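Visitor: My structure is below; once you've seen it, I'll send some questions.
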């Protein structure tokens, strides 16, 4: 984009055109590309009198046009191969630099006025984006592009002027694509980056990388342009921000650390808003006010004021347009309105009669399809727009002035209103079409569906059908067809035809899917390869040979018959024919691009890919039973289209009034075929008009439309451009049509807007309602089952109560209860889980299988629960079990790792294949594995604590078992008493032996030794007395014997002893029974006695079994405890040995602790010192930054001082040089004390003159040609205040310079100290590393000392490998053995087998590789031998042919090219003709120049004569004026004299009347 001035147009490229548009008047002018292949760049000459246009295409040109005539002035040829990318004039405009695109990337320097190439060189091996001359040195220029920047200079060498380029090196900075750069006045270059920072280049290297404070990037995204204007640096970013930077800060920036980053703040910035992506801006002067025009790639041009003052204007959006390619276009059926949509989420309405945009509306998604409602629809002002999220919006275009109560209030010419929104698809909408009668509206999408709607006040869905591929286009049958059918074209080669569905005839209760609609399929099968074979030269030659042979045979037969000979016609054997090329069928079907109906059931197709280059005439077959995917349908007719093999037809449109067929091509060109007949044929489509309008690379035509009156043609392309063409000239316009196009905007509709937000598509919404219905039914079923479950629960509670009321022998056991509870719980669980329903109702049989298995496992437990299981089984049959498949919320990233895999990999890295012994020299200890005295003491204390806890726990278990024995003995005693009481009533023969009562051993109750009572004491006293009397020595300890005797003797029977009472009772009972035996018992008594006897026998047996069970249980517990005690004894022994080892290790560690503590103290001291140095380094860095800030502030003050001085001077001050010398004077001596402020100015000046030292200035040193003034005295004519102000400013400047020098000195000192500390930090780091290594060596030595200790390891015999045994016995020396875990040993043994197998496999691979290598060597030898034979044969043939060896390449290079020579001759002839013609023209020019000279002379003489006449006229007018003035003065004098005379007479007459009364009376009467 280039702008010459505010009133001049903007230059921009649009497809194959250069558009010059005036932003104020909106008028446009066009310049077409000279070759018609596209525009590469546009750049303006510094004088604004020319501009250069670099083109695209094969061998493109650069055309220099004059401005404003827009005529070609110069044409530059041969600068690149394919396309120009960028161009730039130097500052004086004498040279032009251009750079080409792939494949040559040629940089060319042109002397454009002479149309000559000065220098050229390859710019780089990748894409080059930009080239610019240096503003200061025209011999320097810079190029940048993909991952590079290059600095060029035009150097004079021994062989002439050359281009020398130095590639910029990024160094530590990441490589970036550079799209913008600017050169500073001192030769440095500032460039942008992809991440938004600025790079300062000096000498081909990056000096610093500039960013904002806090390491924030200068822009949030790539920097698109850098501008240096009037001492200020501007950066333009893709984030929509323009920032102004301090040039001096940028120019003097220097890095302070290794990162290379320098932080700075912008002086000013301007943010244009969200979704703004600036690409380029240029400056103009509007009424001496600077303004900038900026190009926004989001679709706008901005007018900006970058003065950053209080009067700054707000940014103004001058014009807007589509960003990116235009997806669809539609034209109004009744006026000159058109609508477009694109992926920039906008729909725009244009008046193509006046080339103006009327209205625009924005949405949340990009538009992909658009169509204007036809005239047959009741509201033709409606537009249907499809979007990439599957939505379709119906919008209305209306005139807001026609709204009620809005007359004269609306500002816009047209407005857009959203009428209805619906979502028929789940993917992007690709096609929209209205039925010819306007009753049905169809939409197609990439989701392989076509949806139908009824067109009423509100569009209502009919249903949808599924098609075999993504929909490319929809085409309704024309009105001439009997039936209304829809032609659906799919991207993957399918064409589908369906009739228009009837509204209300489809079942849409559960789904909108139409399944019974008659459908015809056509699956395109490629025939292009067969066509090529048929039209190939092989078949033509073969047919020609057959005809010649047949002709020769007939002539021979004729001759034989004329000679009277009979000829037998025999069939000749046909020779072997040359094989035809194979038929090629592409693996992937070619995409269908467009199509249209030709007759009912027949249609034309244009395809891309391999099958491009033809129009295919196809027909639907009536056999639709076959699977569409398996069909192979071929067209029955084809029309070859010229030059469309690599440039297929994407759009086709027809004009009926002027029978034309318009074709939009992939390369952006437009073709118009005149149609003489109705049907298409090869002859009809032979001739055509051709025009390149859109860009050849990305300008594929997306839409072609004719206006409502077919007066204009409109195209839109992938390059974002819209072109309109007049199909009729002014003479051809019918009389009924107006000469000028005038837009008529329709009135608004009366009904209200229908608008809502769509989340689901129509079918998804229907499925959602169906799902909610099913959920409601499931909820009702759940409630019903809950009621049944509640009734069952009540029944269960009632059954439990009844069960409790029954006698114990009739009650159900607890196991049955638990089983029943399980079933009830399972029943409830299934009830709650029975309605997990997914969106599509997929069933899962897993849960039912579990229920069935559980049921089968529980059924065998109780027959009484079968009824419950039957009910549960029936319930499970009724319940619908569903599940929702679990999915990830989002796709895992490519770098995502499974945590389990990461843990396994980490474990493998740490353990697999690394079994280093602690005695190894390369064994290293981690920080956690290091052993210290504290750790060892904690370990020892922990071990002793564990030993103590284990012993305490064992003692508790022994005591608890002893207590259990005591309780068992008591229980056995009671049981024995009960058995004896029972046996008393039984016969002796029926008595069972009573088990012995266990007794406690004295060692089991050691606490009893210290217990005593009065009987024990009395007994002890008696024993002592008897001992004293007998005086006999007693063995052992009497006290102990006494205690034991007392303890072990049977205690006396007390009165309340139940056993004694039981014995007495039994005796009484026996006596009574004996007495009763004397009387004969009755039958009833015998029966009772019998029952009592049975009961007593049962009780006797039960009690004895219980006693035996108690004893057996206790013995089992005792054996378990004994085994546990033995195991614990072994552990205690091992723990004791471990304690001994720990004590020995502790002694060693205590000996080595002093040296270890010393090393650790050294490390701590070094670390503290390192931290101290780091803190000092940070403080020094902060001080350096503060000094730099102070220096910047002082520099700003100095600039402000100079600015105030310049402001005080004003413009055209004759003492400016003198006062500037005073300001720049350097005072050499120390300043004197200031003079009192109260003294007057003269005394003060005299004192200052006395105290003023000798001053030296640069001006005095080099002399001056002007008048010399005394610097201490104010010269005459100079303002005294200005002089004193200059003196004061000089003093301030000197103080600022002194402060600046001091700050720089302080900064330099801080830098030195910082460097010294940095060196010291490195030394400290080295010392720390050395000490750490010493500590590691000491740790290894300590570990070695600990490893020398012997450790006892208890092993079982089965843990010793048989290889280590000596004659089947344990070896005495285990020093050569190794203790290893079984798992690790098994892994190593398995690894041995794996390695053996891997070794065998590698050997086989190596064997095969060797055989292959041998074969390759053999093949190589054979090939070399064949090459030598061929060379010898070639040399032999050359010797036979030429007599010597000849270099054919040299011969071919020097051979005469006859066509070239002919062309040279023709060129010479043409040059001679042109020379003669040029000479004639020069002679004519000389004659015309002579005539022009004569006419000029004649004109000059006439001008001189005219000048003389004018002079004479002026003199005459002067004389006439003087004469006129004199006459007027004479006339005035005469009149004045007569007036005076009349006055005198009047006065005299009056006086006479007064003096004479007679005369008064006479006059009075008269």
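Note: Cβ is positioned from N, Cα and C throughout, glycine not excepted.
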Visitor: Please identify the range among 1336-1370, 1371-1405, 1406-1440 that TrEMBL labels coiled coil.
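Guide: My reading of TrEMBL: the coiled coil range is 1406-1440.
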Visitor: Cβ under 8 Å to the coiled coil (1293-1327), counting only same-chain residues 6 or more beyond its ends: which ones?
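Guide: Same-chain contacts beyond the flanks: 1166, 1169-1170, 1173-1174, 1176-1177, 1180-1181, 1183-1184, 1187-1188, 1190-1191, 1194-1195, 1197-1198, 1201, 1223, 1226-1227.
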Visitor: Report, as numbers and ranges, every residue of the chain located at least six residues beyond the coiled coil (1406-1440) whose Cβ falls under 8 Å of a Cβ in that stretch; write 'none' if there are none.
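Guide: For the coiled coil (1406-1440), the sequence-distant neighbours (Cβ-Cβ under 8 Å, at least 6 residues beyond its ends) are 1446.
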Visitor: Run through the repeat 'WD' (422-456) and tell me, per DSSP, how many residues are helix, strand and coil.
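Guide: Helix (H, G, I), strand (E, B), coil: 0 helix, 19 strand, 16 coil.
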Visitor: Looking at the repeat 'WD' (422-456) alone, can you tell me the average pLDDT?
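Guide: On average, pLDDT over the repeat 'WD' (422-456) sits at 93.
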